[in-house]
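Per Swiss-Prot, these features apply:
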- 203-228: coiled coil (COILED)
- 267-316: compositional bias 'Low complexity' (COMPBIAS)
- 178: phosphothreonine (MOD_RES)
- 179: phosphoserine (MOD_RES)
- 185: phosphoserine (MOD_RES)
- 186: phosphoserine (MOD_RES)
- 303: phosphoserine (MOD_RES)
- 249-323: region 'Disordered' (REGION)
- 49-70: repeat 'LRR 1' (REPEAT)
- 71-92: repeat 'LRR 2' (REPEAT)
- 93-114: repeat 'LRR 3' (REPEAT)
- 115-135: repeat 'LRR 4' (REPEAT)
């Protein structure tokens with residue numbers, strides 16, 4: 001039938017032309033609420049207020065018809081049949097773009113996206129990477145699964161071309177991360193959960209992460225400075241140590257004992273007693289030595305006397321015999 005033939009021709013034509021992005025498709029995926037048609041109609045005019053648009057897995061072959069998405073921040077186009085990156089210059093506020101698992105062969109038409117920070121081009125057909133087609137605002141880039149990643153020196157070249165890049169192919173660029181007591185890295189995961197997991201997952205609204213990263217770094221620096229200043233202002237604590245007992249000289253026992261009455265007099269008295277006993281021992285030793293010395297002197301005198309008396313006795317004996 002003629003009608004059936006025309007429908008078949010239109011279907012074939014649509015297949016050749018591919019599936020395009022339309023307002024109806026955007027509304028269906030992002031503004032439709034099943035069972036509440038009134039609400040859907042009310043939300044239709046808010047198309048320009050959308051900040052996150054999800055069009056993944058729709059078989060889309062061409063990018064277009066995005067002019068009304070004036071406030072969009074995040075665009076999900078993964079798992080489609082897109083062959084070219086195009087028609088994105090009209091959404092300059094875009095920060096997150098996922099084009100993973102498509103049929104893209106070249107990186108192009110991205111320089112107008114001056115605020116783009118996250119770009120996922122994994123699992124495509126990119127053989128030659130044109131670095132000058134990538135916006136320098138990128139913080140995270142994923143090219144895993146593309147032939148270009150096998151090129152010698154690929155990682156070094158990409159890092160050199162993108163001065164703000166923090167993560168390439170799910171591998172952090174360590175030299176560009178602030179290494180703070182290494183760390184506290186869980187703080188980053190808590191503050192920026194968007195940095196974890198595959199880019200194709202739903203993440204909700206993205207705030208201005210560049211500003212957040214800057215503020216996070218400032219907070220760390222301020223905390224370090226505060227800690228440093230607090231350490232500099234801390235005064236050393238002087239501990240009251242007990243005084244060592246003094247060893248008084250001979251004759252100072254009484255004065256020392258009377259200077260500090262009460263509890264402190266007891267140890268002083270003890271030390272005085274020890275000193276007195278030591279003095280007595282020395283005196284007794286001196287007395288013993290003097291007695292011994294006297295005995296020795298008497299013995300010497302006696303021996304001399306006996307020696308002197310011996311010749312006199314001899315003389316007396318001789319005199320008697322003569323008589």
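Glycine too: its Cβ is placed from the backbone N, Cα and C atoms.
Below 8 angstroms of C-beta separation, residues 18-19, 48-65, 98-110, 112-115, 120, 199-200, 202-203, 205-206 of the same chain, each at least six residues beyond the ends of the repeat 'LRR 2' (71-92), sit close to that stretch. In the predicted structure, the repeat 'LRR 3' (93-114) carries a mean pLDDT of 96.
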